[in-house]
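Engineer: One structure follows; several queries about it will come next.
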Amino acid sequence: MNGKKLYISDVTLRDGMHAIRHQYSLAQVQQIAGALDKAGVDSIEVAHGDGLQGSSFNYGFGAHSDIAWIEAAAAAVSQAKIATLLLPGIGTLHDLKAAYQAGARVVRVATHCSEADVAAQHIAFARELGMDTVGFLMMSHMISPQALAQQALKMESYGATCIYVVDSGGAMNMNDIRDRFRALKAVLKPETATGMHAHHNLSLGVANSIVAVEEGCDRIDASLAGMGAGAGNAPLEVFIAAADKLGWQHGTDLYALMNAADELVRPLQDRPVRVDRETLALGYAGVYSSFLRHSEAAAKRYGLSAVDILVELGKRRMVGGQEDMIVDVALDLLNRNK
């Protein structure tokens, strides 16, 4: 770590959206953003779980617009930067500009790990706006470390100043993370930062984040009480406690984070965010974590097991954006069971 300060990127108000089907109220967003700001995090990501303009029939409708959520969070902070997420093809340049005008100063442009080239325009435009521009390679477990590094290079060439390894399926272990960071570091410019976005489906969210930092990672994504898709993200308060024990500089108030997690966030969970039969299946099968609630709904509708649906999705190598295939898989299983 050599005494550098970690950049703590909170995702409670974006990835955490998945855990409550994108239903945060504006008051809740203000309360949580305010608490995170006081606790000293560097950035607070705010958007529908699937990024700007994710509110849709396919992904689930949000209680509010991204812009309303971003404005609410921006009004509640004095130190932290407001971040947002954009998936090219869902969000447009127009949406990014609107988010910037509403107060977002960091954008993470997210693509499937093998499709960095779809982000070129959005990354370039974010740089033009003067935003802190991050490339976000989702489902990073699905390609080799060397292939991932080539995609990271593309994002860097478009103008991203930080590249993330994103374990959307919560499917990687510490060796997988180590290998990917070494591969990225071997090809990226020394001034290009790196980040880690973990999911806790195999209970390795914190361990994987620690290994990333050991390999030179600069930014860590985490959320209060792990609020996020699947078994959630690396729980922020747990990661900070572990980082503290390691003597790492993080600039946040552990007790304030612990209080916010238990008093503000955990009570909102209508389905516990934890490792259980279904969320473990996500990590084991390497499935996109936000498929959880959609698969549980399909299982209920067709009288199937959510685990069977998730395992089949893993076999078919489905990725984010293919939510419509969940019903397809359910109907196939139904016919198979006849």
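Using the three backbone atoms N, Cα and C, a Cβ is placed for every residue, glycine included.
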Engineer: In Swiss-Prot, the substrate site includes Arg14, Asp15, His197, Tyr288. Which of Ser43, Ser168, Ser209, Ser305 does it also list there?
Structural biologist: Ser168
Engineer: Just checking: which of Arg14, His18, Ser168 have a Cα that is within 10 Å of the Cα of His199 (Mn(2+) binding site), counting only these recorded positions?
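Structural biologist: Qualifying among Arg14, His18, Ser168: Ser168.
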Engineer: Residues near the substrate site, Arg14, Asp15, Ser168, His197, Tyr288 excluded, by Cβ within 8 Å of the Cβ center?
Structural biologist: Val11, His18, Gly49, Met138, Val166, His199, Gly228, Ala229, Asn233, Ser289, Ser290
Engineer: Under DSSP, is His18 (active site, proton acceptor) helix, strand or coil?
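Structural biologist: DSSP call for His18 (active site, proton acceptor): helix.
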